[in-house]
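According to TrEMBL:
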- Ser133: active site, nucleophile (ACT_SITE)
- Asp294: active site (ACT_SITE)
- His323: active site (ACT_SITE)
- 33-327: domain 'AB hydrolase-1' (DOMAIN)
Amino acid sequence: LAAPLALESGDALDACDVAYTVYGELNANKDNVVLVGHSLTSNSNVGEWWGEVLGEGDAYALNSREDCVICVNYLGSPYGSASPVSADPRKEDRGAYGVDFPTPVTVRDNAVMCMMLLRELGVNGVRCAMGGSMGSMLALEFAATYPDFVKEIIIIAGCGRHTDWAIGIGEAQRYAIMSDGKYKGGAYERDQGPNAGLATSRMMAMLSYRAPASVDGRFSRVRAHEKETKLPYFAVESYLQYQGKKFIRRFDANCYIQLTYTLDSHDVSRGRGDYFDVLANIKQRALVVGILSDVLYPYALQRELADALPNSQLYTIDSPHGHDSFLIEIEQLNAVM
């Protein structure tokens, strides 16, 4: 960014790097932008994780022939934007921020960052701000912060403020990382970090992204093999361990901690007044998508948003696959969007 990013905490990010991906081109009025927010540990490459809704032509909700689709990597993420693994301009040796990265960076800070970037790109308006899970929080916050800049919003499997249930899940995941002896207060070497703690956090997260019926239906108490102790070793255990090991190869523990704090910061009404009054003042046309089996952000949260937003409609996904249905039930999601 050309200017320092002032954060809600009172800190600031100077020479702030921002990673983003663009599909399509700006129109003559520079107001055909669709701003997409990604999920917690994803990146700005929408084509990698939502490729079925992105393409050229009317068959795709994200039609890059007509719209300029922009996705921005969150602050604190290891995929290009300023984060614990990026260079700290305040350090003489240009070492990484590490535990010195400002905490917390809020969802609102990310909305401001997105706006600064869009202005630098010459954008004059956002046709739609949208996203699933954490991406829906960015979309809602962006619309509330810049009401005259955004025409429509699509909120998928999200909430208007992070619940104590979700905060508790995040704290358990953070504690698993911080309790790892290799965490060292966050001052670990990149290749000698708290891998066991980070893998455990990922295993917790994977369960929260699904629903009991989805997990039971997939594994059905099938055994992988017998351990040396002769204890049963179930396929679901093997699966979760595999997911944990895979995750530590692509993610950083300090970044994960930062991003979960960002999630916990989410409250669109913070500093703006009564929660439901704030939602009532978000006038943009809104589509709210809820998933009946979601245990991380239960369906009642999306119904709450749809009831409170004055110009909204609610679409329900009836799927056994829980929160991750926004990445699984692509055909119906593409159609309704």
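We number each residue from 1, going along the chain as drawn.
Just so you know, glycine gets a Cβ as well, placed from its N, Cα and C.
Keep in mind that TrEMBL annotations are predicted by a computer and have not been checked by a curator.
Other Cβ atoms within 10 Å of the Cβ of Asp294 (active site) number 27 in total over all chains. The distance from the Cα of His323 (active site) to the Cα of Asp294 (active site) comes to 5 Å. Each residue contributes its Cα atom, and for the residue listed as 'active site, nucleophile' and Asp294 (active site) those atoms are 11 Å apart.
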